[in-house]
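Shown next, in structure tokens, is the structure this report addresses.
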């Protein structure tokens, strides 16, 4: 009875699939309270600060190397960015000035300055900038610990099977997790796009984040179930519930084993129609995971990771090597590269772009590239040079008008002609397309379809722009509705317009891998589904059981419904989805 009384379920956000059952290990946040003291020797205090920064750099360098070996280049880039923070005079100079002018101790000056920057970034109210706040918090916590002589928990020392419970996991915490012992984790804060969630998916560790209260409810040694499928954390489950979850875990593992058999199969519907399943990637390191999960191509190569976590623009040759590597690894399979989508909410400090009131509607992506043409042309040259090494397709992000697309394509053709004049080989017939993520582009799809080779629908932005709802703002997140009939009608309009001109349509937003969305998108005629690598095999298994002709019959009904709830209910009933 004792267990039954103490059993408790907490709800959070399913951040990484799977089920973990193990003893709880609380990753405690050390007391880093920085009391204010007056110092007599200002120079000695600045020297203390610099010594602590140097030690923090040593640790981060070691963690970066560990991440590089275990997780790949893109995850290691997080720590390269942290090292840049510790070299940033905009952070360090105000700390030193505070020590000098106020004659205060280094701990207090660091803490106060960090809090100022953290609150400034958090007030910007978009996920990317909030993650910059998390970077500063992680880095300054490490320096502060050295100043205070406090030891920070090291998850790499765990030597028994556990589920980690923490307020949050910093990137450096997550990079040190050993999969042999850490079976899952649950945190109070965070979302699906936070560093810890991304790392968990990379490590394939079940995770639930954003529970708000898990650290208040769980003690060391409690038996905890982390349900990364449904976003639940069960504390001290009853023997009956524990047995149910053991079965649920076994079913999930068996299902994964069945999915694994589909790795080398093409995606063919029950009535014999081929549908392309592709992967979204950020770096060349991601190709390995894409192929291991049976990707038939790369539907979105986000090139901005090449530009982030560094102090200057990548050179043409650096970019060429990255693009060539991806194309060669994909061995003739299509690779759709999105040109630089940066600016506004995704900052590159070295570009020194002005702060904007509304970065999502501001100077970003193709708008920035058409103005900063030297940077844009460098990327296009690198892509064109790499094109001979595989099946390259190029697409431009955030296109709102025909003029933008025409201008971007004209620049691409100018660079191609210049390379050919120089005797540099460029592939023939490179397809050039665009992202459809702005409602204006979706509405005008019939005109764009005459000039593009393909469309890729970016649902993440298309939904928030159409619904006028920031998906990272909890107060309006209920309006972020992928199944809203307005969104489905736009998607249908884009696909129909493209098909009338003989062009193909892909989708690279999260919606493409959603089990409820898949039958709808098949019904609407989507040609290519591009998703995170781990979603490919479940999607393939689902599509093999669906008949395209049968799915097509629901198109009219789905588009005639009035609410997202009605759409979901209808699709679940029709296709027997849970």
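Each Cβ is built from the backbone N, Cα and C atoms, and glycine gets one as well.
Here is what Swiss-Prot says about this protein:
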type	residues	note
ACT_SITE	195	active site, tele-phosphohistidine intermediate
ACT_SITE	508	active site, proton donor
BINDING	302, 338, 460, 461, 471	phosphoenolpyruvate binding site
BINDING	437, 461	Mg(2+) binding site
Which residue, out of the binding-site residues 302, 338, shows the minimum number of other Cβ atoms inside 10 Å of its Cβ in this structure?
302
Which three-state DSSP class does residue 338 (phosphoenolpyruvate binding site) fall into?
strand
Cα-Cα distance linking residue 437 (Mg(2+) binding site) and residue 460 (phosphoenolpyruvate binding site), given in Å to the nearest integer:
8
Within 10 Å of each Cβ, count the other Cβ atoms and name the one among the binding-site residues 437, 461 with the highest count.
437
Sequence gap of 6 or more, C-beta under 8 Å: which same-chain residues meet both conditions with respect to the residue listed as 'active site, proton donor'?
280, 299, 300, 336, 435, 456, 457, 458, 530, 531
With H, G and I counted as helix, E and B as strand and the rest as coil, say where DSSP puts residue 302 (phosphoenolpyruvate binding site).
strand
How many other Cβ atoms sit within 10 Å of the Cβ of residue 460 (phosphoenolpyruvate binding site)?
16
Out of 302, 338, 461, which of these binding-site residues is nearest residue 437 (Mg(2+) binding site) by C-alpha distance?
461
